[in-house]
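Here's what TrEMBL has on this protein:
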type     : residues                                      : note
DOMAIN   : 6-405                                         : domain 'Enolpyruvate transferase'
BINDING  : K22, N23                                      : phosphoenolpyruvate binding site
BINDING  : R92, R121, P122, I123, D124, L125, D305, V327 : UDP-N-acetyl-alpha-D-glucosamine binding site
MOD_RES  : C116                                          : 2-(S-cysteinyl)pyruvic acid O-phosphothioketal
ACT_SITE : C116                                          : active site, proton donor
Amino acid sequence: MPKILVKKSNPLKGSVKIDGAKNAVLPIIAATLLANGKSTLRGVPNLRDVHVISDLLRHVGAEVEYKDNTLTVDASNITTCEAPYELVRKMRASFLVMGPLLARFKHTKISMPGGCAIGTRPIDLHLKGFKYLGATVEMDHGFVEATTKKLTGAKLYLDFPSVGATENIMMAAALAEGTTIIENAAEEPEIVDLANFLNEMGANIKGAGTNTIKIQGVEELKGAEHNVIPDRIEAATYMVAAAMTKGDIVIENVIMEHLKPVVAKLKEAGCEIIEMENDSVRVIGPEVLKPIDIKTLPHPGFPTDVQAQFMAMLTIANGSGVVTETVFENRFMHVAEFNRMGANIKIEGKSAVVNGVSKLHGAKVNATDLRAGAALILCGLMAEGETQIGEIYHIQRGYVDIDKKITALGGNIKIVED
Ligand SMILES: CC(=O)N[C@H]1[C@@H](OP(=O)(O)OP(=O)(O)OC[C@H]2O[C@@H](n3ccc(=O)[nH]c3=O)[C@H](O)[C@@H]2O)O[C@H](CO)[C@@H](O)[C@@H]1O
Ligand SMILES: C=C(OP(=O)(O)O)C(=O)O
């Protein structure tokens, strides 16, 4: 199994280009199944997750090609509406094919995705939405089967603004008869990107990016062309890299509007953030990091997908900060790994108290999920000696060429075969 080796490095300096957003492109790839035709997606990151969902689409009969960050999907000849465990278990976003298949073919049977290292991650809200639209949903032998004669628009309220449920319901409702209103919908930028793609396919969706989304169903959708938004989580990770290493990094291909909570917290920690032309931002890390408190929330609150990276930063801040996780019930697996590197973190319920230390030291650690893995790399850049990170396939799910990008910024990192 390959590992990542990181050594204490000089301040990271230079520029880094952000790839397309994993969490935008995965639902958009699922949405291509709604059209009896060909879609072309540009700015598609070369990530493990993209290849996994592409394989799933091929399994149901779509023709999928990927070259030079452009993905084409021809979903004209779908041969099955079933997705087996082997394909769904690799990635939770696979479950997002359910809405499109149900809407277009009136029947689908998908393996239940199961939990993962950050929580149990139920799918009840997705299923509640399909039922409101008129589907019969049954669970049997680890599969969810949904059937309908006709989907009909409905008004529904999500108990929690789930990103995946909002996306799945929005895709199903795009082909339902009549109007669907999703209240307490997720407001993440990735929802807006999906709605834009669906509208380019011929859907009629308004309000994406607010907590009420209105979908006027249409009879059919056609293939479309789309440029994927930049990955705000990857951008935030490099911003924290500048903050932690006293670095000076220009991060290219960003949408500042998407980074508001991250920018506010980095400024509070003492970073200088300079918005530049051409969708770039320069981040200069302070001599001494101030401790801050963060609390994860649905957008526009502080993103849970940047919680681990900020906790990494707090391990070397000048004082104590509190990190509170409210989105997932079990997203502190990285705490034990940080503590192996000399950090001083105590978990108290939904919060972690991070007492900054003057020095971290390299150790053998494991990436418990993709963001935890990226956060361990950040710690490794500041730790005395060498850090060896295992289970790096998690990191490869969500970060394009992280080793090459950090090397280009002057960091000491390499991937080795064990
Ligand atoms: C591929 C993708 O886009 N992944 C992102 C997406 O995941 P995902 O779409 O899975 O996250 P959700 O917003 O659905 O989950 C948020 C919370 O809602 C709960 N929940 C969700 C669905 C449901 O039916 N019932 C339920 O209780 C979950 O267990 C979790 O505690 O949004 C998360 C929250 O911003 C991010 O961390 C993930 O990176
Ligand atoms: C948790 C994440 O992704 P996923 O929902 O694909 O597991 C993430 O991107 O941090």
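Placement of Cβ uses the backbone N, Cα and C atoms for every residue, glycine included.
Where the annotation comes from TrEMBL, it is an automatic prediction and has not been curated.
Note that the structure is predicted; figures quoted are calculated from it, not measured.
Shown here: features listed in TrEMBL, placed on the structure.
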{"residue": "K22", "record": "phosphoenolpyruvate binding site", "Cβ contacts under 8 Å, 6 or more apart": "P45, L47, D49, V50, D231, I233, R397, G398"}
{"residue": "N23", "record": "phosphoenolpyruvate binding site", "Cβ contacts under 8 Å, 6 or more apart": "A93, V163, E188, E190, D231, I233, D305"}
{"residue": "R92", "record": "UDP-N-acetyl-alpha-D-glucosamine binding site", "Cβ contacts under 8 Å, 6 or more apart": "P113, C116, R121, G164"}
{"residue": "P122", "record": "UDP-N-acetyl-alpha-D-glucosamine binding site", "Cβ contacts under 8 Å, 6 or more apart": "none"}
{"residue": "I123", "record": "UDP-N-acetyl-alpha-D-glucosamine binding site", "Cβ contacts under 8 Å, 6 or more apart": "F95, M112, P113, V144, G164, A165"}
{"residue": "D124", "record": "UDP-N-acetyl-alpha-D-glucosamine binding site", "Cβ contacts under 8 Å, 6 or more apart": "none"}
{"residue": "L125", "record": "UDP-N-acetyl-alpha-D-glucosamine binding site", "Cβ contacts under 8 Å, 6 or more apart": "L158, D159, F160, S162, A165"}
{"residue": "V327", "record": "UDP-N-acetyl-alpha-D-glucosamine binding site", "Cβ contacts under 8 Å, 6 or more apart": "T296, L297, P298, T304"}
Query raised in the report: What is the pLDDT of the domain 'Enolpyruvate transferase' (6-405) when averaged and given as a whole number?
Result: 97
Report task. Compare all C-alpha positions of R92, R121, P122, I123, D124, L125, D305, V327, the record's UDP-N-acetyl-alpha-D-glucosamine binders, and send over the largest distance in angstrom. Result -> 22
**Report entry** Filtered binding-site residues, from R121, P122, D124, V327, whose Cβ is under 6 Å from an atom of ligand 2
**Finding:** none
Query raised in the report: Is any of K22, C116, R121, P122, L125 (recorded positions) within Cβ reach of ligand 1, i.e. under 6 A, and which?
Result: R121, P122, L125
Requested in this report: Give the number of CB atoms, excluding that of D305 (UDP-N-acetyl-alpha-D-glucosamine binding site) itself, located within 10 Å of its CB.
Outcome: 25
Query raised in the report: Where does I123 (UDP-N-acetyl-alpha-D-glucosamine binding site) sit by DSSP, helix, strand or coil?
Result: coil
Query raised in the report: Within 10 Å of the Cβ of R121 (UDP-N-acetyl-alpha-D-glucosamine binding site), how many other Cβ atoms can be counted across all chains shown?
Result: 16
